[in-house]
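Student: One structure coming up, written as structure tokens, with questions to follow.
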Amino acid sequence: MGFLNILEDRHLGQLEVPGTAFLDNSSGKDLAPEKDTALKYGTGKYADTVLVPQPSDDPNDPLNFSPAKKLTITSIVSFGTIIFSAVIAPMLAPGLVVIAEEFKRPLKDVSLATGYQSLVAGCSLPLVSACSRKWGKRPVMLISALFGFAGSISGALWTSFDGLIVSRIIQGGSIAAFESVGISMIGDIYFVHERGFYMALMQFLLGATSNFTAVVAGPITANLGWEYLFYMLIPFTGVETVLLFFFVPETQYNRGTGFAGDTEIITKDGGSIRSIETGSTLVPQKKTYWQQLAVFTGTYSDDNFFQLLMMPFAICINLPVLWSVIVSGGAVALVVVQSIILPQVFSAPPYLLSPTGVGYLSMGPFVGGLLSAVVMAAIGDPLVRWACRRNGGVYEPEYRLLSMVGGFLMPLGALLFGYLAQNGVSFWATASVHGVDVIGVICVATSTAAYGVDAYREMASEIFVLSAAFKAFVFYSFSYFVNDWTASAGVGQVFYVLSLITTIIILTTPVIFVWGKVYRSYWARANILGKLHLRTHAED
């Protein structure tokens, strides 16, 4: 049994289970002297850390990009995530009541404008996944950015209710790539010991900055009108599209051909643990900057397009993956659902807040998300390295789930939010506990996302696609009934139910933590996707 009671597999060797890796050479394990140079290590304070995955000798391998280039890519994609995922979806939320009054429509109809947008995002996600697997991530992200740009122009110029619906639907085509492909790029360019910070960053952008959107959008809606939200989006979406084209090269990479040899890890008592693939083939020539600007760089999968479309659904057969999707997607959906009912609850008595006031309420969850992201970024990787050292230098992806403990703040915050809002307690208090539940959301989303990437790296893109689709469909479903439910049952009843559901979901974590390695071994040996004639990216 491994450290913290992770069950060892009886069928494969300790390090032969996919996802498990020898990560920390300071723990007492040495490499065979004659093969020591075959493995590649980190630098500086990570000099004892074995790089996982092992980079090839190809200068075009995204893992070999310079730190400056990686930071540039991450910054631009993060900016796109803010604009297309964290701003576009919730930007109308503070002014829903005002928009409903302007068009003389029920509040539910206006909420559905964003609901339809989420439906488009959810339905397009399998297509985004298949296209990124087949032709790479770069063309998918560029096309998605163009949808966001076009939808912003449409919303600024076409200001009828029908125009609003159409514009939101067009914008929906931009969300999918930045909620799924953008996150999976972290696994393309960073090593396991580096991913914790960037996973926390991306989850913060998705789960917390959407709340800051309301802080800005509320005053704009109140003072200028909702259509100016679209006007102000135009330059941001345009600049992001240009930055993507000139500074974000393709990060999809067929890694399977980059390894030829293997290296055996030898314990100090002379016992062999396992072999790690290393080595390289002939080194290709480095692409020039102008070559990297190519939108299409070839195909990355030999599977037919229909098979690739089926992959996000097929991976639901994998139980930990399905668990990860439900937990992370459901957690982020809680934040989005809160944004739907905020104007309904706080524009009415006893609060009677304007769109500006409703927008300012989102400062609480924004600050909570910021604090959570900072803490997760600070402790995520060190916590994993600590567990790794306690486990003899052996890394298990389940160690990413240790930070799920913070997830209990999610149901606690939801429970308190419902109670305080139901009883008309100060909006300062409701905003504060709203921030508490967002802290829990970020902990949950970051932990499960990092676990999915490390445990099932070959399915990372599909996992994020499925998580984003689940969140989108949850949002669309709630937009149909949550306003009526809140009006009839009261905001307290709504959030008591949500608190109970999220508590039950989090309590399932120990099952995945303890039996996760055994299941990873079973999944590798059973080859279920292979029997269905489906292949992951790692097998392309």
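Glycine is no exception: its Cβ is also placed from the backbone N, Cα and C atoms.
Got these off TrEMBL a minute ago, pasting:
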- 73-517: domain 'Major facilitator superfamily (MFS) profile' (DOMAIN)
- 76-98: transmembrane segment (TRANSMEM)
- 110-128: transmembrane segment (TRANSMEM)
- 140-161: transmembrane segment (TRANSMEM)
- 173-192: transmembrane segment (TRANSMEM)
- 204-222: transmembrane segment (TRANSMEM)
- 228-248: transmembrane segment (TRANSMEM)
- 321-346: transmembrane segment (TRANSMEM)
- 358-380: transmembrane segment (TRANSMEM)
- 401-421: transmembrane segment (TRANSMEM)
- 427-451: transmembrane segment (TRANSMEM)
- 463-482: transmembrane segment (TRANSMEM)
- 494-515: transmembrane segment (TRANSMEM)
Student: Who are the long-range neighbours of the transmembrane segment (321-346) in its own chain, taking Cβ under 8 Å and residues 6 or more past its ends?
Tutor: 89-90, 93-97, 107, 111, 114, 206-207, 210-211, 214, 315, 353, 355, 357-358, 361-362, 365, 407, 410, 414, 417, 421, 427, 434, 437-438, 440-441, 444-445, 448-449, 451-452, 456, 459, 463, 466-471, 474-475, 478-479, 482-483, 486-487, 491, 494, 498, 501-502, 505-506, 508-509, 512
Student: Would you kindly list the residues that approach the transmembrane segment (358-380) from elsewhere in its chain, counting only those six or more residues past its ends and only Cβ-Cβ distances under 8 Å?
Tutor: 93-94, 196-197, 199-201, 203-204, 207-209, 211-219, 221, 335, 338-339, 342-343, 346-347, 400, 403, 406, 413, 427, 430-443, 446, 450
Student: So are the transmembrane segment (173-192) and the transmembrane segment (76-98) touching or not, going by 3+ C-beta pairs under 8 A with a sequence gap of 6 or more?
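Tutor: Counting Cβ pairs under 8 Å, at least 3, so yes.
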Student: Is it true that the transmembrane segment (401-421) and the transmembrane segment (463-482) have 3 or more CB pairs under 8 Å, sequence gap of 6 or more?
Tutor: no
Student: Find the member of 110-128, 140-161, 204-222, 228-248, 463-482 that has more C-beta pairs under 8 Å to the transmembrane segment (76-98) than any other listed stretch.
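Tutor: Selected stretch: 204-222, with the most Cβ pairs under 8 Å.
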Student: Which one of these stretches, 110-128, 140-161, 204-222, 463-482, 494-515, has the most C-beta pairs shorter than 8 Å to the transmembrane segment (228-248)?
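Tutor: Comparing 110-128, 140-161, 204-222, 463-482, 494-515 against the transmembrane segment (228-248), the winner is 140-161.
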Student: Which whole number is the mean pLDDT over the domain 'Major facilitator superfamily (MFS) profile' (73-517)?
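Tutor: Averaged over the domain 'Major facilitator superfamily (MFS) profile' (73-517), the predicted model reaches a pLDDT of 88.
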Student: So which residues does the transmembrane segment (140-161) touch in its own chain, when a touch means Cβ under 8 Å and the partner is 6 or more beyond its ends?
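Tutor: Distal contacts: 77, 80, 83-84, 88, 103, 105, 128, 131-132, 167-178, 181-182, 227-231, 233-234, 237-238, 240-241, 244-245, 248, 295.
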Student: Given a Cβ distance threshold of under 8 angstroms, which distant residues of the chain, six or more beyond its ends, lie next to the transmembrane segment (204-222)?
Tutor: 78, 81-82, 85-87, 89-95, 98, 179, 228-229, 232, 331-332, 335-336, 339, 342, 354-366, 368-370, 372-373, 438, 441-442, 445
Student: Quickly jot the same-chain residues contacting the transmembrane segment (494-515) by Cβ under 8 Å, restricted to those at least six beyond its ends, or write none.
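Tutor: Result: 4-7, 320, 323, 326-327, 330-331, 334, 337, 341, 398, 401, 404, 407-408, 410-412, 414-415, 417-419, 421, 440, 444, 451, 482, 485-486.
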